[in-house]
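Structure first, commentary second.
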């Protein structure tokens, strides 16, 4: 633990007097919290210093130019930086250059009143309600029981929540399950539709565009959504390639990743895979820190986290919050939800917001918890964690009829009495939003998209409006770079999970072997013709059933995709194309494997040309089948829902393909299903490839009696029957006379709509269509906002 905290640049590692008195190790412990002294910041944890800004001209400076100037300054250039520079002192003593205003940066009240802050996130009267349905209300015939209580039509998840978060501090949202913690984090992170959320969220007093917020912020979900087969370093490097501008050299991106690995305490695990249930990887705490690192790779100005310590032991949770404290002190606004912080974690938090049934029941620094509850008539006992006491009391008050309301009213009265109406805990913004972004760039914040030159920051123009959505580039990299990075990442994942391809190849080879041995060397008799029909129907449908394993591929990546695209890491079109490129080589291998196993063994016609056409139609079938499964994976949300849909739909496709019933016999009201059947076109294609030659004869002379009651007659009798037929019809029909050619058989099967090449291209077109539909499903179904 001490080695981990020692690496963090924002903490002086000399033990505090309390640590020395109690003989505690140098573990970053911020002191035991006692009654009326629950929050005592580390004495050597220094605030950010604001040096006097250099003179600037009244001209707009792009973020790209600011970033370039910062890089020049770091490399020793004399280029001036036209924004305030914030520095962090690492020593134990306070340097003389730190202004007296900084001394109160971590005062008990959370900061001195009126002290200018670079960034202040303020939220006022946030209210959010959702429709509430009774269980089973979707059934039209269900009526509520007489004794069933009437439920309100709307359920309020947030009820007039107000507060503010500042750079350099951590604001923690606490409450029991269902109190509205995650909902509030989503509201602040712009993950709730504007038409559903009431109230205002501003930064430095200015409303912010959603596209700009995506650029300067990051959101860390409660779940660890990572690729299990990538190492820690690879995961962060891919995040850097997605979030950092392409004008930044690769060596600088690698340097940023190395620094972040050190900051997160992941140096020993850098070359370890993330892991999952079947592959051993990093620990739970390390995985959580990697999740945070992925979203802070571009050093965001604002960081929102949904229960980052959930599921971790106390040591791992403390390490995670310590990292967040370092991020906050680097000049970021950090807002997180947390269930129940320990003593040590509480010492790292600057501001608490307790929720109960969507209402604010306490808002302020940890140091004010004891007097707050003392004034409420519920003093916190000595040596008890104040947050545990508060959460237990809030839970107890929720069982009372007006308990939550009384506590919320007490909080409102407390705020009015101690902080005044409309008066926060200090930290008034000392600059406009544009100036704040400019200052963040000068501190080394690599704002995503900053080098596109599309978003300008007028550091000296106080009257200029904040950047609009039209001036903010949505994506850092161009389309082809995104596709290249996504393709490379997918190939690495595929290479490290060879068992997935091996299982598919084994399934194809086993199926081909079984078909080859059953339909070995078919002859050109009527019986051989019927056996060919069965082989083609089973073979073509096998292609589609084999592709059903593509369904869980995207479903396993679904939430990773949602996390990455929520902040415009890449375009959805880039993902679809890279997904297609990575999957295509395996389809080629599977097609050749199946064709080599069956074509010559069954004795199909066409020679070399026929073989390569057979390979092409098998490949087209794999292409269309994988596209169909991919499309469904974008529509359904769970693999247990997807497989029944895939299997049942493919069964219908086979039923209407023309094998079981000819097109001429299908009822007219079902004929449309025949034409959308994916099996129809490859089935008819291989049939025409086999029976399209008019010189091949499949029924000669007495063979016409095969598969009829006359088949059991002696050969001599069959010959006499042929002679009688010849005399009656006036046509000479001998034992060698060709009765049915290949084209004749195709007409009998009603395979006359399309030629074999048309069937091939239609099958290929189905594959493209399903991938386009997959892209549309990602556009419509991958929204990251609540309604």
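We count from 1, first residue shown onward.
Glycine too: its Cβ is placed from the backbone N, Cα and C atoms.
Source: prediction; values computed, not measured.
Segment annotation: Swiss-Prot labels transmembrane segment over residues 576-596 (candidates 471-491, 576-596, 681-701).
Segment annotation: Swiss-Prot labels transmembrane segment over residues 641-661 (candidates 641-661, 704-724). Segment contact is absent for the transmembrane segment (576-596) and the transmembrane segment (641-661), given fewer than three CB pairs below 8 angstroms at sequence separation of 6 or more. The stretches the transmembrane segment (641-661) and the transmembrane segment (500-520) are not in mutual contact, being linked by fewer than three Cβ pairs under 8 Å (pairs 6 or more apart in sequence). The transmembrane segment (500-520) makes no contact with the transmembrane segment (620-640): fewer than 3 of their CB pairs lie within 8 A, with pairs spaced 6 or more apart in sequence. Across 535-555, 728-745, 760-780, stretch 535-555 shows the highest tally of CB pairs under 8 A with the transmembrane segment (620-640).
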